[in-house]
Each structure stands twice: as structure tokens, then as C-alpha cells.
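S.K.: Got a structure for you, questions after.
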Amino acid sequence: MKDKVVLAYSGGLDTTAIIPWLKETYDYDVICCCINCGQGEELDGLDERAKLSGASKLYIEDICDEFSEDYIVPCVQAGAVYEHKYLLGTAMARPGIAKKLVEIARKEGAVAICHGATGKGNDQIRFELGIKALAPDIKVIAPWRQDNWKMDSREAEIEYCKAHGIDLPFGTDSSYSRDRNLWHISHEGLELEDPSQEPNYDHLLVLSVTPEHAPDEGEYVTMTFEKGVPTSVNGKKMKVADIIRELNRLGGKHGIGIIDIVENRVVGMKSRGVYETPGGTILMEAHDQLEELCLDRATMEVKKEMGNKLAQVVYEGKWFTPLREAIQAFVESTQEYVTGEVKFKLYKGNIIKAGTTSPYSLYSESLASFTTGDLYDHHDADGFITLFGLPLKVRAMKLLELENKKNN
């Protein structure tokens, strides 16, 4: 009986060409595994394609609920955003995929796991760190990093497939490199490789329209949260995955969440991408608005630092680490009272606040009002400012003393 390898399979040209290459190079029995994180119609016809390409079996595993609840929610609660813009759509999905690949490999008794990530990108790191953390005994094969992988173009891959009896309708024309899941869709390549060029949004966008093509009338949306977890949209209770789908629909219609960024990859190079994250952008903003009411300043300050750190940890593929667990534990402790309702208006790329309520709100109208109230005596500010400004006053007095000595 041949040894088995589990291939992370998308159905695209790269992973299709890898199937005969694995059989030819290693004489493995190839088990394809496609992890559904919300790719949609990209999954159509995969079973036939995998078998025509020489795979002995195909698993299609739906992890949309796990992805949304176990990976997206913790990042939303933390406010994890990489380099101030990127909402981690691809990075958040990779640990769940790695976990499922390991599960299938264990089930099949496979000796290796193979992925089709290139040697220039972040995904090779994310997949392999996840596999190392969960299954250090399983071999990882990365064809793009091997000398005996000779295919350096789409044309070469198509010819290789045809030579091995695989004649599938893959086009040779260049197109955007895309990654789609429940949370977002990313675009790289073509004109985006030149930072001086404006993206061709008419051909690029899939989930969204540009703000200038959005409706001229705004749309109000209401969301509820319980302990930092979204529970409903416009009064309708839903699973987190369905909330994201609905927010994608609403946000995409109004041009929300289109970003064009140059980011620093883990491997050291800069890359440019356009990301569509309409639902994610809305969800992050709504959660932030609720936290403004419910969290004290000191907690918010530390939580912001932890959110930035978590973004880096997730981006670098270090999900299965004690550090991620510790950060997540802290963040979860801050969410105990992040419960309430957030209302906002979507209008031409903008999310406009329209009211926030919470039974745990720390906002006190009697304290914040400019009128006289019983809870706050304006005279109390005298002593506070004296003590709060004492370090500044002491330093200024010392500088004045030194200046006087110098002049005398």
C-alpha cells in the first residue's frame, strides 16, 4: 500500500498540477482536502476535477461556523488590525485550515501534508507553523520551494497537466490572484504590482461597489452584541457566520471596506493588495462603538496594545502559541460587559454613528453635562490639576533655577 499525502486543494491550476507531481515525485496516494471558509461558488465541480487530476479521494470540509466563532470573533473583540488597515482576512483563516488538514491526515494515516503556497508569500509560514504546532511528526511538502518543481508559469503548468492526461479548461491569460472567504476577498497582481497605478475597480471588485456608485440614500442598520459577540442584525438573531454574510451584503452595496494597502510581509518584502471587507469593517466599527461606552480608559489603552500585538501574532502565523492564548484570555475578560445595541448609517463608503445603548454604559449624562450636577463639583478639578500637573511644574521650576544660575 502506498503512503498517503493530504493536499490542501483549491481546485485552481497550481494545486491541480501538484496532484500528478506528487504521484510522480513521491509515488504517494493523494488525498485532496478543500476547506470551505466561505469561498462560495469556487467550490463547484471540485470533486470531478480532483478525481480527473488523479486524486484518490476529496474531502470538502465546511468550517464557516468554526472560522467565524473561533477565529474571527476573538480578533474582532481584540480590535486586531495589522498595520492600521488590514483586517486579517487571509491570516485568520489559515490556522483553521491547518487544523483541519492535520485532522484529515490523522484520519487517513497520511505521512505528509502538502500545500501550494509560493516561497515568497506569508501563507507558507502560516500553514507550516500551524502544522508544526499540531503535528510535529508529519512531513510538510511545499513544491514551490523544491528544485524539482519546474513549472514557473501558467503555461508550463497547463502543459504539465496535459502531458499527464489532465485536460481541464484553465485559461492562460493572467488574472488577479484572489483569496476569498467569509470575511473578505483579497486581490493582488496585474496593475496592483505598480503602487503608482490606480486599481481598475470596474474589473477588480467582487463583493462591493465603489462609493461613487453606491446608492445616493443612506441605510440605517442596528446590531446587538452580548459579551462582545454579535447576535443580531436589524432585530433578526443569527449565527455569527450569517451576520457576516448579511453585513457583507449591506456593506458591499454601500461601498464599505475597500482598502488599497502596501503591507510588510513576514518574509521581508512589501506587497500591495486591494481588500474588500465590507461586513468585517462594519462589525469591527460597531464593536468599537459599543466598547466606547462600556470599557474604562485604562482597560481600553492596554487592550489597544494587545490588539496590535494579536494582529502581528495572527499575521505571522503564530495562532497555536501560548502568547495568542494569553492575549485572547485577557481580551475575553474585557468583554464581560460589552453588551448592547449599536445603530449606524451606511452611506457611500462611510459608517456614520447613529446611537449606542448598553445596560453597562459607563457614560453618565449628569457627569458629562456642562450644567451643574450633584455628582461632580467643578472645584474638585483644582486639586486634581495641581497634582496631575506637578511633574511638569517641578521640571519647569528646575529649568528656571538653572537658567537663573547661568545668567548670574
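All positions are counted from 1 along the displayed chain.
Quick reminder: no glycine exception, Cβ is built from N, Cα and C everywhere.
Here the structure is a predicted model, which means the values were calculated and not measured.
What Swiss-Prot records for this protein is below:
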type	residues	note
BINDING	A8, Y9, S10, G11, G12, L13, D14, T15, T16, G116	ATP binding site
BINDING	Y86, N122, R126, S177, S186, E263, Y275	L-citrulline binding site
BINDING	T118, N122, D123	L-aspartate binding site
S.K.: Can you list, in sequence order, the residues of the same chain other than T118, N122, D123 whose CB lies within 8 Å of the CB centroid of the L-aspartate site?
M.R.: A117, K120, G121, Q124, I125, R126
S.K.: Please identify, from the binding-site residues S10, T118, N122, the residue with the sparsest Cβ neighbourhood, meaning fewest other Cβ atoms within 10 angstroms.
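M.R.: Counting other Cβ atoms within 10 Å of each of the binding-site residues S10, T118, N122, the minimum falls on T118.
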S.K.: Counting all other Cβ atoms within 10 Å across every protein chain shown, which of the binding-site residues T16, S177 scores highest?
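M.R.: The residue with the densest Cβ neighbourhood is T16.
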S.K.: Return the maximum Cα to Cα distance in Å (whole number) over the record's ATP-binding residues: A8, Y9, S10, G11, G12, L13, D14, T15, T16, G116.
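M.R.: Of all Cα pairs among the recorded ATP binders, the widest measures 13 Å.
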S.K.: Please report the distance from the Cα of Y275 (L-citrulline binding site) to the Cα of D123 (L-aspartate binding site), rounded to the nearest angstrom.
M.R.: 16
S.K.: Quick check: of the binding-site residues listed here (Y86, R126, S177, E263), which one has the Cα closest to that of T16 (ATP binding site)?
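M.R.: For T16 (ATP binding site), the spatially nearest of the binding-site residues is S177.
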S.K.: What is the interatomic distance between the Cα atoms of D123 (L-aspartate binding site) and A8 (ATP binding site), given in whole Å?
M.R.: 12
S.K.: Hey, does DSSP put D123 (L-aspartate binding site) in a helix, a strand, or just coil?
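M.R.: For D123 (L-aspartate binding site) - judged by DSSP and reduced to three states - the answer is helix.
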S.K.: Please list residues from the chain of S186 (L-citrulline binding site) whose Cβ is under 8 angstroms from its Cβ, counting only those at least six apart in sequence.
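M.R.: Residues satisfying the criterion: G89, T90, R178, D179, R180, G273, V274, Y275, E276.
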S.K.: If one looks at the chain holding Y86 (L-citrulline binding site), which residues at least 6 apart in sequence have a CB under 8 angstroms from its CB?
M.R.: I259, I261, E263, Y275, A311, Y315
